[in-house]
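Below: the structure, in structure tokens.
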Amino acid sequence: MARLPTTELRKYLLTGQFTRRGCLHLRPSPLAPPIPPLRTLSTTPPTPSDQQPQIIPLRKQLKDQAKAAKLSGSPKKKLKKSDNQTVPGWDLTVGIEIHAQLNTPSKLFSPASTPSSSSDDAVHHHHPNTHVAPFDLAIPGSQPSFQPTTLIPAIRAALALNCHIEPISRFDRKHYFHWDQPSGYQITQYYHPFARSGSVTLYPRDGIAAEDGEQVTVGIKQLQMEQDTAKTLAQPNSTHYLDFNRVGVPLVEIITEPCIHRPATAAAFVRKVQMLLKSVDACTSGLEQGGLRADVNVSVKRTGEEELGTRTEIKNLSSFKAVEDAIIAERDRQIRVLEEGGRIEGETRGWSLGSMETRRLRGKEGEVDYRYMPDPDLGPVVIGGDLVERLGETMGMLPDEEVGVLMGRFGLSERDAMALMLMEGRLEYFYGVLEELERMLGVEAVEGGEQRHAMLAANWCLHELGKLAEAEEVGEAAAEEVTSQVPEQDLAAILFYLHQKKVTAKVAKDLLWDVFRGTIATGGVTEQIDSQDLWYKEITEADYAAIADEVIEGQEKVLQDFLKFKQGKSKAYPQGKLGFLVGKMMRAGPEQGKGMDPASAERVMRVRIEQVYLPRLEDAQ
Amino acid sequence: MLSRSGLRGARLRVVSLTSQRRLLNHFITHPPEPIPPPPPPAPSSSPSPKQFTLAVKDNIATTIPGLPTTCASGILSKSYVSPIEATIITQLRARGAVITGKTNLDEFGMGSHSIYSHYGPVSQDTPPETSAGGSSGGSAVAVANGEVELALGTDTGGSVRLPAAYTGIIGYKPSYGMISRYGVIPYANSLDTVGFLSKQINPLKELIIGERGLWKEHDSNDPTSLTTAARKRCAAQRRGYRSRQGQTTELEGLKFGIPLEYNIAELDPEIRDAWAAAAKRLQDAGARIVPVSLPTTKHALAAYYVIAPAEASSNLAKYDGVRYGARDAEGASDASAGGVLYASTRGKGFGEEVKRRILLGSYTLSSEAMDNYFIKAQRVRRLVRRDFNRVFALENPLQERETFELSDLPEEVEMEDKWGPEEVDFLLCPTAPTLAPKLKGVMEQQPVDAYMNDVFTVPASLAGLPAISVPMKVATEGAAGLQLIGQYWDDARLLDVADAVAKEVRT
């Protein structure tokens, strides 16, 4: 039985919706592709040179990086990253701050709904300035009204990160001027956060550097709640539109201790936090969709020195690769400066995709004094132990446990298990398909530790769907949307027939494409097979024999190899030669092997060789 | 409170006063026709409430077309009509308030003489000579002039009590958290309260503790508005809320404290005499007069002028001309040059005193000064509250009971018994250290000198206590205010007692 994921539960309980495909499901309209946010989760004043770091789809980003690398024309072969985790004689220290959009129905201090909560209407939720209360616009005289429901995903996030929940936390105002911050300050919790002293343990499968061994634990200093900013939409003629939908949406900021020493481990940490937050349904979307944002603090010191070096901060990293690359680049820059006898300035730096160096954004003298002040309108947040206990009990499975289940119960490889968990919504989709498939297979087939169907489902959810996403016609934006184009029940039906050998693998793949392209209506897989007569009807044993005979005609040389084996003149059975003959059989069969099973063909071929042809050859000798 | 014919009479008077009004400059927006309350929701079983005229300080948001909310600031301008209505406006209109206009004030409530207004200074006489006090000066003059029965002000550090004292009317600041601040444009949220100005105490009593008493109404839009449960709990420890029957205004047996520290060098001798005379009269009426000590008083003013500007600098950060209000479209945008886009909008929109307090507040909140100013001021604030809790016989229902060291008290304080000095019901002190000054002198003053006027009003604000200023006769011509301060949520008794005290000291 598949586990009901928390995301499903929340959608059902809070908005009365199922994402299971059905008449309620709304496919994303091709007319309203999701607009990538121009500036996300920036909770600090952007510097003039970095006002709108763009969210670029990963695919494009990789292309751009390749292009940039080509342009830079560096003749030197680049170091492989796995070889670049340490620099002899130097110690690296990294601390990370992650901002994640909390998955809540309302904003932090106003009853306005969050843009991400209104999944009922894909078009509507991108309409600018439709999720705004007076307080969100800083209308004079309006006051904050803390929405207690925002605590639920926040506490879940803290529990997933092993934090201690503080019974009393407080909100401060952090001041800076920017047009995307209507009140001139952000309400945040820096001094009295709601959670402290957490930790995340990383394993090799999470992608930590080999130097970190079998596991590494990253300490979490605190988690704090704060408000998101508005979105700036650049227009022609140096005009900017402001969309206040996102203003005041609750964020959780996760601050680690400075205890990471390898770049790959830093990236692995961010990836794992994303996975943890997702598994407890605490955040809206991942790093590469703009729902998460990472800043890294980097310092180096010579090995053996006691004190940490001066640190610099690299802001707004929007991919796991960027986290690792930026740390490597900044580490190398700092070492270069120190080796040349220079000094590291405490400053804020930026990183663009595909570049080789971090760049200076502002120095200490350019730092804003945030003038933190307790918000006089807001009382302390008091979190009861009973709430924390209840949320802890109902949190469900955390990723490390889930990987164990996927590997142990379903026989997935560690790699596939991790891949399912890391892809947006893919794990839930897999469970959905599996549940449907198991229903069709019936109880007997599923019990008794049989794993073949689960492995089949996982393989298709990852690799065959992956092929759809890579197809030219899909385009970059839709890569994540593949699952929404292939209803779970239809994939399950295809897999059921494939598993039962009622259709061939080739037919199954064609059916998948038809479902994906919409040529098969939802629920119409069986009908399609019927009408197109795609059922696998195996040819008779005699037909196989006839084809085998046809193929062997004139292959005396090949048969000699089988004879040598039979007579003990060669040690290995000529499996390759057999495969060659079976291949010929498949091609020679009716309509390119229609109705033929390669296994049957191989079996018949083997029998014919041993029982008919070899005796003939022996006789001839 | 006002019959139909009375309302017509008020209208006639309005017309005849037009030219005088121009000289007094106490209104920013004054529609030709007053705005009647909305009809009661049908079907209504209860009769429409009696109507009364109301002037509204222009930092209280109104949504009525033609009634912009300017805060007397250039940065909002008369083009700004608020999309939200202040809860107190909704409450008063439902009780029959006929709004005659929006009154002038010190910009965003920052000032003690109503001179720092984008729309020019207010005066209480013609030709303009005498300060009306601030920052609710416009509201006070509208009441003193007989144009309205009730005016709304806001009181952050004395902004209702001071103009009431200067203009010879009643100014009442309720306990913090009793009246919703939603829609009241904040100067310093932790100190701001809605305040009421009137010539009579009865309309205030009716409003606060009458049948539809505002004291009962929690507003979920204001996170600092006391919950219904807390209101009931506080009222249960007080007299005058549950039953209005048999409430006497007997002075007999009441104890009034005279704070020793309020007898400052700057106190006008005329006011000191009047204060002493008032105490004598109350004693003659059967009250006990007890000297008390509020040792933190001398730091209270300094703490106030750290906390209030700090909160103001934060609250005023929202005025950037991007979403509402005036925007400087002439100056080039500094957005691309490392600026914030609206430096010149803010530079041109705010007046001198507001800029001064924003700078002051920005400094005291800076990482360099925070510990020495803001944090210390908060500590002083707690001590001020402690001072009050020590002298009042009633406990503060919002706080744990504290114990005090007798040795901390000044020597002059007499002990009632071995447990300590006598505890009092109310404090009795002047509202302001001087009579209403001349505008000419005020304008030539250093800004810091004007801060002096708040010395007696600020402590009650810091502690969130109810306080009322009633007119007190002085030897020469002119008016002074006598201030009564009560323990937290003792508003009902404060209003009753103020009524009796006012009668004693008026002549």
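Easy rule for this one: first residue shown is 1, then count along the chain.
Cβ coordinates are placed from backbone N, Cα and C, and glycine is handled just like the others.
Note that this is a predicted model, so its numbers are computed, not measured.
B:Lys57 (active site, charge relay system) falls within a strand segment according to DSSP. Over all protein chains present, the Cβ of B:Lys57 (active site, charge relay system) has 32 other Cβ atoms lying within 10 Å. Annotation comment: Swiss-Prot describes B:Lys57 (among others) as active site, charge relay system.
Note: B:Ser135 (active site, charge relay system) has non-local neighbours B:Leu105, B:Asp106, B:Gly109, B:Met110, B:Gly111, B:Ser112, B:Ser114, B:Gly153, B:Thr154, B:Thr156, B:Ser159, B:Pro163, i.e. same-chain residues 6+ apart with C-beta under 8 A of its own C-beta. Per Swiss-Prot, the feature active site, charge relay system maps to B:Ser135 (among others).
For B:Ser159, the entry in Swiss-Prot reads active site, acyl-ester intermediate.
Note: the compositional bias 'Pro residues' (B:31-46) comprises 0 helix, 1 strand, 15 coil (DSSP; helix = H, G, I, strand = E, B). Annotated compositional bias 'Pro residues' per Swiss-Prot: B:31-46, in sequence order.
If you look up Swiss-Prot, you'll see B:29-51 marked as region 'Disordered'.
Within 10 Å of the C-beta of B:Ser159 (active site, acyl-ester intermediate) there are 37 other C-beta atoms, taking all protein chains into account.
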